[in-house]
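Written out below as structure tokens is the structure these notes cover.
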Amino acid sequence: MIIAVYGKGGVGKSTTTSNLAVAIAKTGRRVLQIGCDPKSDSTFTIAGRMIPTVVEILDKFNYHYESIEPDDLVVQGYAGVCVVETGGPPAGSGCGGYVVGETVKLLEKLDIMRQYDVILFDVLGDVVCGGFATPLQYADLACIVSSNDFDALFAANRICESIVEKNASGYDVKLAGVIGNRCDQVDLLETFTRRIEAPLMGVVPRNEEVRQSRVKGYTLFELEEMGEPVSEMTGEFRKMAAYLLSQPDGVVPNAVGTREMFELFRGEDLPWKGSNGKTAASTPSVP
């Protein structure tokens, strides 16, 4: 199973993806996480360090693909999760999306991807360009990470549009659902997921331990082993992992028009306004 995780920059995609990867690995699956961001920090909490990127390795071997072995690219980290970082060109030059596409080609050439039960792409995704949309061409399912605010949901909707476009082009990728992250409330998230007709997979509250885990280089599951009070959040990730491993059908989201996005949360019939007594349909939920 291949899962592509998208979301607005800074929304917590990497933290979410890493904890999902560990939750899945703890069920006995072989898991590979591929970081697709020029920052190259997607897998920091799993590897416990910044690992060499594909770009750096290609440069080391003078771009002789035939000289590269799987062990040059893949690092095994916490809970047996294996990780790869694409890296990217220097700031202000080149195309990071192109690097993502070339990384996938290299992993396929080395027959790396077939060695895992579950592969998670952690993808930069404010506005998905062609290169950063490449994982959608390989993925069975996509997940969108969003906080409960307009800018994050606007980016989420653009990702939904990319999923619709990929299906129109013949690719069979479906949206598994939206993951709420750093959420004190979920009103906007629930309105959005109802509108696009997709599940709200789970909600991770705003929490200091989560922020500290990222800084210290630990997943939440490691903090749990250290006795930190994070069991509520690890339980949420276990629930989401179980949902993904059930291989849900997913949906082609009913993406919202750009202009409608600016009106969606201003309507008088939104549940928290309650001015006209309308009751919105329930958000699809994860079993």
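We count from 1, first residue shown onward.
Cβ from N, Cα, C; glycine included.
The shown structure was predicted, so the numbers you read here are calculated from the model rather than taken from an experiment.
Per Swiss-Prot, ATP is bound by Gly10, Val11, Gly12, Lys13, Ser14, Thr15, Asn181, Arg182; the candidate from Lys39, Lys60, Lys216 named for the same site is Lys39. Remark: Gly12 (ATP binding site) has Val145, Ser147, Asn181, Arg182, Val204, Val210 as non-local neighbours, by Cβ distance under 8 Å and separation of at least 6 in sequence.
Under the three-state DSSP scheme, Ser14 (ATP binding site) falls in the helix class. Across the residues annotated as binding ATP (Gly10, Val11, Gly12, Lys13, Ser14, Thr15, Lys39, Asn181, Arg182), the two Cα atoms farthest apart lie 21 Å from each other.
When the alpha carbons of Gly10 (ATP binding site) and Cys95 ([4Fe-4S] cluster binding site) are compared, the span between them is 20 angstrom. Between the CA atoms of Cys95 ([4Fe-4S] cluster binding site) and Lys39 (ATP binding site) there is a gap of 13 Å, rounded to the nearest whole number.
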